Amino acid sequence: MELRAFCVILLITILAVSSQAAKNKKEKGKKGASDCTEWTWGSCIPNSKDCGAGTREGTCKEETRKLKCKIPCNWKKDFGADCKYKFENWGECNATTGQKVRSGTLKKALYNADCQQTVEAAKPCSLKTKSKSKGKKGKGKE
């Protein structure tokens, strides 16, 4: 009987200590919280070269913070990495310029980025014409 009472008291003590530790951990996380609601974020600056992992600096009143960010290596530098566009299909090849053109409309501006409403992208016309394959290679019906 005494062993059972000891185990119950021990269990209650362990639960009380662990809940207090969790409460302290939660309060510790709140210390860094801010009253600011109007954050102004700068553009993502890569750590090396012109794409990959980087940092973005934000300010609110007299407070400054840095966030980790990432610039995809296939982004269009003219548009900015924080501006997301929905693009149409590529147009026909222009024989005089030797390029195909397509336009995109702004879908989303991240971190209050200053983005153009519509943009145009161009790429050189391909020299080869793609032909449809007549049969599947590899695994399949034989």
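Quick reminder: no glycine exception, Cβ is built from N, Cα and C everywhere.
Note that this is a predicted model, so its numbers are computed, not measured.
Reduced to three states, the DSSP call for C36 (disulfide bond) is coil. Less than 8 angstroms from the CB of C36 (disulfide bond) sit C60, K61, E63, each of them six or more residues away in the same chain. Residues annotated as disulfide bond in Swiss-Prot: C36-C60 (among others).
Counting every protein chain shown, the Cβ of C44 (disulfide bond) has 22 other Cβ atoms within 10 Å. Per Swiss-Prot, the feature disulfide bond maps to C44-C69 (among others); the stated evidence is similarity to another entry.
Annotation comment: Swiss-Prot describes C51-C73 (among others) as disulfide bond, evidence class similarity to another entry. For C51 (disulfide bond), the Cβ neighbour count at a 10 Å cut-off comes to 16, with all displayed protein chains included.
In the three-state DSSP assignment, the secondary structure recorded for C83 (disulfide bond) is strand. Counting every protein chain shown, the Cβ of C83 (disulfide bond) has 20 other Cβ atoms within 10 Å. Here Swiss-Prot flags C83-C115 (among others) as disulfide bond, drawing on similarity to another entry.
What Swiss-Prot records for C93-C125 (among others) is disulfide bond. The Cβ of C125 (disulfide bond) has C93, N94, G98, Q99, K100 as same-chain neighbours under 8 Å, each 6 or more residues away in sequence.
Taken from Swiss-Prot, the feature signal peptide covers 1-20, and the record attributes it to sequence analysis.
Geometry remark: C51 (disulfide bond) versus C83 (disulfide bond), CA distance 15 Å. Under the DSSP three-state reduction, C73 (disulfide bond) is assigned to coil, being neither helix nor strand. When the neighbouring Cβ atoms lying within 10 Å are counted for each of the disulfide-bonded residues (C69, C73, C93), the highest count belongs to C69.
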